[in-house]
């Protein structure tokens, strides 16, 4: 990321507030020096459209795709299809709001942290802390999956295998050596090739599921199939998190916006549509064909239900490859969030007039990490992840709480809250023409007044509020479910 040097040059232009009182409007970020504005205009990301779609799609689609048939068995086919599509739409809207909010941040510096400093400065550390914990936990779960699956892969290929070849700690160590260099890449775009390999692995898993359905060799083991009837509210709610969190990728959206070479509204929107649409298509295909293969007898991992043979063994290896190349996609946002937490300092809230202008982050946020700091944070993440993965074989309960709080906040609550705050139409009257520098006004007008106007702006704003409400409902349902399952487990 280029190193921008912003000077604190503020030009105060008197304007009238809502009550008629005069108050200054700061054009610090949109004005500054002409050299800075030219540097900002010269900044251009290097990531292609297809690279962004591949990385975002790989962030979305993980091993959870194998649980889709089991989730659909609890909802029935009709309701299951609706839930998968609806959850995809809500996640896509959250990504869209992020792309709109990014327009208020200096090109290349968009992040949850920079938005927090414009809207809720003293809460920035909480937001980034939640992101760091969530991504760190998911990354560890990937290493645990590798350690648990590789012994099965080895035994599937060589039945008499034993010793170190079926030791989970050995395989965690081996694959950690592959993860390390990938995790030290600074740019998300650098992971496009490994993400493509991961998507090939997903393709193989989809082929296995669809192939068995078309072959019909699972019919003798198939239970009852329900097209409309569901299994009941408790069973459906227990599978709800599988679907609603299956689209979580919002921790990498700002990196996509920063790195894409064409960050126009059409380009970023098409990235969102392409990635979420592709993920929804994969989920629907696997959910429907997998459920029709086994009916109500399907479990939470459909690959484990197929007869042991070379095809299913390679399928397990495909899962290993998938989570292996997904780990760096969790390390990337975790590192950025940890860096933001470490450099965070309490700030005074931004004044309404200043908030309206597309301000860049405060000075600490647009200073890229030094090589030393980058190496220390990355090494800490890797070492900690390795130690936890070597010590435990399951993080199911921890991830359930992290997902119900962290994933919900990142996907729904924060995008809605930030857009609601930063697009407040009542504050727009505070900004008037008055800057003698036409370049400043032209840049400001271009970046702000391209926001939706009239009825569209009102619907967008209220849509953001509805998304926040949806996020709170999801959080309450998932937290309540965790408490219920914890109580049920404690009773045994």
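Using N, Cα and C of the backbone, Cβ positions are placed for all residues, glycine too.
Curation does not apply to TrEMBL; its annotations are automatic.
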Which is it, of 355-373, 374-392, that TrEMBL names as transmembrane segment? 374-392
Under 8 Å Cβ-Cβ from the transmembrane segment (227-249), and at least six residues away from its ends along the same chain, one finds 56, 59-61, 64-65, 67-68, 70-71, 73-79, 83-84, 87-88, 91-92, 95, 275-276, 279-280, 283, 296, 400, 403-404, 407, 410-411, 474, 477-478, 481, 485
Contact count check, CB pairs under 8 angstroms to the transmembrane segment (374-392), set 75-97, 165-184, 196-215; argmax is 165-184
Top partner of the transmembrane segment (196-215) among 118-145, 165-184, 306-327, 398-420, 462-485 - counted as Cβ pairs under 8 Å: 306-327
When you scan the chain for residues with a C-beta under 8 Å from the transmembrane segment (75-97), skipping those not six or more beyond its ends, what do you find? 68, 225-231, 236, 239-240, 243-244, 246-250, 253, 269, 272-273, 276-277, 279-280, 283-284, 287-288, 291, 411-412, 415-416, 418-419, 463-464, 467, 470
Positions on the same chain near the transmembrane segment (270-294), where near means CB under 8 A and six or more residues out: 49, 52-53, 56-57, 60-61, 65-66, 68-69, 71-73, 77, 80-81, 84-85, 88, 91-92, 95-96, 99, 202, 205-206, 209-210, 212-213, 218, 221-223, 225, 243, 246-247, 249, 256, 260, 302, 305
